[in-house]
Structures are given as structure tokens and as C-alpha cells.
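Student: Supplied in C-alpha cells, the structure appears directly below.
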């Protein structure tokens, strides 16, 4: 029947929608914030034989060239990546605090801090410049870095035990499908609708993998799920720091289909590597150190040796 577990799932779903909206909103807003007149890319007819997209590209550039901030592409990459500097340093502490004080309180605190700081975005960007704006994004990352492991700690009690075969099914379906979809963007031509659909499918299906590998923390050590997720998410956050710089290097002054397709190929390879690594190394058995009696027996052995 419909129970507390389902209510928690619904509330978690709504909470994460809020969190992820605040995480990615700047990626959308930055397009119209920046004055692209002084940062015009090389016309797409000059590279990779993409002459068929030149007219539409010119129209898009002219319609989005009146932003108030004169930030270069490198600066934009730094701004977008700065969030993850704050996000990465609070993953492990956030998980440990959630285990100690409760995931509900830490999740609420993290969302509140992130929301308040997000509302300050236009004020800080206009009054404090690039440096102040980057500092704000770091603080937003710190606030949001607490939420993810905190919610996982709440799920330390409610999530069901899953067999390894079920975990791997979700991971393979998510990462595998995403890896297969991205290369096909090449054949979408200049149809931006198809490109958006393919990117949406890739990102959405990639979410299936979250069901697999996040629950895996609970399976192997439910008492330390928050800390474990903090550790693994710290490593995964590195991609959020590196990706804007890689994209910036590949597409700087060269915003062509060919250049962006390289970005999609790299993403597809990373998806595939994730699926393979999980297949080879992941396990779903509870670890001995998750059990309180394990430490009692270990202490007895240590005392005996002494």
C-alpha cells in the first residue's frame, strides 16, 4: 500500500527538483546576461563545412547579443565551474553532519542557504563584479553540497534492499543509452529541436543510473550512507569543475557543429567508462564494518592482543 516510504520518495523528488533548478539556472541565464557582441564566435561557414547553419547562427547571435555583462568565454567557464569548488568541499562533512544531526535538518538548511544566495545573484553580479559573483557561486555550492548526502542519509532507513542484478540493470540502461544517443547528434544537422530532444533524452536516461549506484551505498553500508556518498560524489564533482574548461578550450572562438560534436563524443566515452567500471567493481553485499557488533568484536581482539 501507500506508506511513509512513498511520501518520502515524493518529497525527495520535489526537493531535488528545487535543488537542481538552483544548480543549473545560471547556465540558462548566462546566455542572456552576457553581451556576445564582443565575443563573437568564428562564423560556422569557416570551419567543418557547416555553411548550412550560418544564417540561423547569425540570427541567434544577433538576438542574444545585448546582455549587460562583457564576460569572455573563459570567464564564463570559470563562473560556471566555481559552483563546484564549494560543492566539492562540503560533500563528506555534509554526509557526516547528516548522520549526526539528521538528514532532514541538514537538507532543509542546505536548500534555505542556496535559495537565499541564489536570490542575490543579480545584485552581486552588478555591484561586485566577476570576483564577487564567483565568490557567491562558491557559497551557493557550499550550501547545496550539504543537501545531496543529507537526503541520502534519510534514505539510510527507508530504501529497500536490491539485488546486484537490479542495480546493474539501471546503471547499464542509464549510462549505456546515454552513451549511444550522444553520437547521433551529429546527424541532426542544423535542426535545433532534434538536438535538444537528443540531449534531453541522454540526460534523462542518465538519471536511471542514479537509481543504481546511489542505492548501492545503502546496500553496502546503510549506517554510513551519507559519508560514503560524500566521498564518491566528491570525485564525481571533479567533472563539474573540469568540464567547463574543456568545453571552453574546444569551442573558444570556434562555435561549430564539429567542435561541439567532440564534446558530445567525450561525454559518450565517459558514460561508457562509468558503466564498465560499475560492471567490474560494484558489489551489493553489506560490509562487515557497517555492523556495530563488528567494532565490538574488533575491540575485543585488539584488547586481547595488548
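Every residue gets a Cβ built from N, Cα and C, even glycine.
Fair warning: this is a prediction, and the values are worked out from it, not measured in the lab.
Pasting the feature list from TrEMBL:
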- 7-306: domain 'Major facilitator superfamily (MFS) profile' (DOMAIN)
- 40-70: region 'Disordered' (REGION)
- 7-34: transmembrane segment (TRANSMEM)
- 75-94: transmembrane segment (TRANSMEM)
- 106-128: transmembrane segment (TRANSMEM)
- 134-155: transmembrane segment (TRANSMEM)
- 167-187: transmembrane segment (TRANSMEM)
- 193-215: transmembrane segment (TRANSMEM)
- 227-250: transmembrane segment (TRANSMEM)
- 262-282: transmembrane segment (TRANSMEM)
Student: If you count Cβ pairs under 8 Å, which stretch among 7-34, 106-128, 227-250, 262-282 touches the transmembrane segment (193-215) the most?
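Tutor: Between the stretches 7-34, 106-128, 227-250, 262-282, 262-282 has the largest tally.
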Student: Which range wins on Cβ pairs under 8 Å with the transmembrane segment (262-282): 7-34, 75-94, 106-128, 227-250?
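Tutor: Ranking 7-34, 75-94, 106-128, 227-250 by Cβ pairs under 8 Å to the transmembrane segment (262-282) puts 227-250 first.
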